[in-house]
Amino acid sequence: MKVTLPEFERAGVMVVGDVMLDRYWYGPTSRISPEAPVPVVKVNTIEERPGGAANVAMNIASLGANARLVGLTGIDDAARALSKSLADVNVKCDFVSVPTHPTITKLRVLSRNQQLIRLDFEEGFEGVDPQPLHERINQALSSIGALVLSDYAKGALASVQQMIQLARKAGVPVLIDPKGTDFERYRGATLLTPNLSEFEAVVGKCKTEEEIVERGMKLIADYELSALLVTRSEQGMSLLQPGKTPLHMPTQAQEVYDVTGAGDTVIGVLAATLAAGNSLEEACFFANAAAGVVVGKLGTSTVSPIELENAVRGRADTGFGVMTEEELKLAVAAARKRGEKVVMTNGVFDILHAGHVSYLANARKLGDRLIVAVNSDASTKRLKGDSRPVNPLEQRMIVLGALEAVDWVVSFEEDTPQRLIAGILPDLLVKGGDYKPEEIAGSKEVWANGGEVLVLNFEDGCSTTNIIKKIQQDKKG
């Protein structure tokens, strides 16, 4: 069956809801504070990502649709950082600034892949005059094909019923990702998208699919909804509409790595697809495919048109894995258009061991995409001697490409990947070992382009050389 993606470029979607900024501080921990029994984290990496309703808008923009975002912020650095991050990925922001409140910010401190603490900077926006939000919605209704209301119970949607009525009068579908158990406030919405836990918190525990349908249809009638989509994790999702046969879609996820933000992806793809002129059933089909992609990524993520197309055509591996240099350049260009941060590293990776896997996982966390450049067999032989490599290039690249942390694998013939790096110009160049940043091949080119260069430590006790020596000793023994 030939599947054609929706014409996302002609879709206009407004997202209104609770916007927030997610901050991440990363660093090693090697001692306990003398002031209190707590670890000391030496912060070496800081990341800022749009969260809440802002992540929904990013998901819409990543598809190539026209995304507008309305929400409440303070007048502070967090609001400015949020606006800049969203502008970089083509989300049009029209925030209402509230000088008496801070922008909702969640700061997470992480070390050795563990979150040590989360600090929330927020004051609920309940009681803030909703009229400026209503005015922004009214101004946009003639130019959008869908309105998303993203509720995190922080106060931006205190007047959600008025917002629903504004859109209904204009004939614009309203999609809501609900929060809490008071679904009365969402009366008259086009579509609610609760997950199974949220759904059962309202209707009670459902032991069978039939119970989900029965109670879901009653919910639709009670609150005058047009449809209900219950997302059910590994069991897929169920679309319920009055007078129509329930549509149960199995999950398309090959491997679940992280469900963070999956709900944002689902409602974002639903809205963009509906706004492009497709049916609700088609929108659910694409949203289900997108969810299968995004849960295979670490952290809050978005889905690109290429990834979505590959997923719906059953070719989730196309566009990723082992690539030629020219294919890689095209993939990187597409990633940059989506506002993704590209990380690059290189090495021989002859006998893949735990140290390699840990190193690559840590490198991947520093960005959105990870490129691994691999020395060819001839290059490896010149660097390591006639007995190397143990594993030929093709096998080394296939194994690397199968790792969850690795997006793209490419080879190079030279002793160093300097020429390759100069052609790719990653946002962040990473190398493991005892190098100084200025000693790393390609560092000058990356710096000249405004990028960063970082040295990561390898896991102690892990090396290909030691593994080979042990094998040789075991043979002699």
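Think of each number as a place in line: the chain as shown, counted from 1.
Each Cβ is built from the backbone N, Cα and C atoms, and glycine gets one as well.
Noted in Swiss-Prot for the protein shown:
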- 1-318: region 'Ribokinase' (REGION)
- Lys179: N6-acetyllysine (MOD_RES)
- Asn195, Leu196, Ser197, Glu198: ATP binding site (BINDING)
- Asp264: active site (ACT_SITE)
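Annotation for the binding-site residues Asn195, Ser197: lowest Cβ count within 10 Å of the residue's own Cβ, Ser197. Other than Asn195, Leu196, Ser197, Glu198, the residues of this chain whose Cβ falls within 8 Å of the Cβ centroid of the ATP site are, in sequence order, Pro194, Phe199, Glu200, Ala201, Val230, Thr231, Arg232. With a 10 A radius on its CB, Glu198 (ATP binding site) counts 19 other CB atoms from all the protein chains. Counting other C-beta atoms within 10 Å of each candidate's C-beta, the recorded positions Lys179, Leu196, Asp264 are led by Asp264. Geometry remark: Asp264 (active site) versus Glu198 (ATP binding site), CA distance 15 Å.
For the pair formed by Glu198 (ATP binding site) and the residue listed as 'N6-acetyllysine', distance between Cα atoms is given as 8 Å, rounded to the nearest Å. The DSSP secondary structure for Lys179 (N6-acetyllysine) is coil. A straight line from the CA of Asn195 (ATP binding site) to the CA of the residue listed as 'N6-acetyllysine' spans 10 Å. In the predicted model, the region 'Ribokinase' (1-318) has a mean pLDDT of 90. Note: the Cα of Ser197 (ATP binding site) and the Cα of the residue listed as 'N6-acetyllysine' are spaced 11 Å from each other.
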